[in-house]
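**Q** Take a look at the following structure, please.
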Amino acid sequence: MTAERTIRTPRDLVEAGLIGREREEAISRVTASYTVAISPAISRLVDRDDPDDPIARQFVPDMAELAVMPEERADPIGDSTHSPVTGIVHRYPDRVLLKAVHVCPVYCRFCFRREMVGPEGLGTLTPAELDRAIAYISGHQEIWEVILTGGDPLVLSPRRLGEIMERLAKIEHVKVVRFHTRVPVVEPDRVDAPLIAALKGSGKATYVALHANHPRELTVAARAAAARLIDAGIVMVSQSVLLKGVNDDPDILAELMRAFVETRVKPYYLHHPDLAPGTSHFRLSIEEGQALVASLRGRVSGLCQPAYILDIPGGHGKSVVSASSIEAEGGGCYTVTDFRGNRHAYPPKG
Ligand code: SF4
């Protein structure tokens, strides 16, 4: 096989040098349950000499995925609990998710929607389902923001995206449209003029949240793709998942956040990994996550600080879970901890 084709099967993984031939049969038990796709850009990034390569860990299937823990669940963040019509998740009053497509250019081994995405997943909305989803948004005046996610909405053709955006353009109360995507990193060439024109087609404020978890993902090509979006007037923010063996290291995390800021992508969300089936090998404890996030405070600029977020299982929404640096002492007095770990009275005594 050539390096320029998306890797989709255990045989492809062997031929691309991503797994040994002796593992092909065993890995096919994983791929029978969870889809594989590794784009050429990502395949090129993998260091095949490093058995612990953080890029491979995110995309190459692993036997550990067959171990499903009792606390794990198919719908870890409770999308279905808040889905009034197919393709819409209405969890918070002023915004909805519009899940137009459940296909991705790559499949992340830790994906929180791994039971829903892929060719066997929930698919793409039919024209009738899309009509009902748009009618729902149109009929709910409180919806200020529409978040296109999935799947990866940027796998849709510019024509299809443009059609969705034109329909959102007609809904007066929608002011902001946000896309969540990995495309600028995993298929940077897809970010071309027709795609950018489609993204801007609603005339609303357009945001793109870029998903990347390791600084090596922000290649020259990925940064150039982000620059094309930003230079066209699209605001970019980041989202990352804190992952054991990928970015659970203060230096790597700092480098990742700096790489985003250098790319003009404002660090936004750092997710605690969700309780998706077969992903326990990626999860660290909340305390470990809090310590890593606290380590960013003195180490990197305020521009580089993301919010550390836990999606509460059951569909109860997001909660910031960063360790607090302030303790109430009563009587309007507090103890505040600085980035070196030193404690100070507030207001100061004497
Ligand atoms: S791109 Fe997003 S939706 Fe697709 S597999 Fe990765 S985490 Fe899941």
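Just so you know, glycine gets a Cβ as well, placed from its N, Cα and C.
Copied straight from TrEMBL:
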- 90-313: domain 'Radical SAM core' (DOMAIN)
- Cys104, Cys108, Cys111: [4Fe-4S] cluster binding site (BINDING)
- Lys318: N6-(pyridoxal phosphate)lysine (MOD_RES)
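Describe each of these features in terms of where it is and what it packs against.
**A** Using a 10 Å radius centred on the Cβ of Cys104 ([4Fe-4S] cluster binding site) and all shown protein chains, the other Cβ atoms total 25.
For Lys318 (N6-(pyridoxal phosphate)lysine), the same-chain residues 6+ apart in sequence whose C-beta sits under 8 angstroms from its C-beta are Ile309, Leu310, Asp311, Ile312.
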**Q** Using all protein chains in view, find how many other C-beta atoms are within 10 Å of the C-beta of Cys108 ([4Fe-4S] cluster binding site).
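**A** Result for Cys108 ([4Fe-4S] cluster binding site): 22 neighbouring Cβ atoms inside 10 Å.
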**Q** My understanding is the cutoff is Cβ-Cβ under 8 Å with a sequence separation of 6 or more in the same chain; which residues meet that for Cys111 ([4Fe-4S] cluster binding site)?
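**A** Cys111 ([4Fe-4S] cluster binding site) has long-range Cβ partners Val117, Ala276.
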**Q** Hey, for the [4Fe-4S] cluster site built from Cys104, Cys108, Cys111, who else sits with CB inside 8 A of the CB center?
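**A** Counting only non-site residues, the set is Val106, Tyr107, Arg109, Phe110, Arg113, Arg114, Val117, Asp152, Arg182.
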**Q** Give me the mean pLDDT over the domain 'Radical SAM core' (90-313), rounded to a whole number.
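**A** Mean pLDDT for the domain 'Radical SAM core' (90-313): 95.
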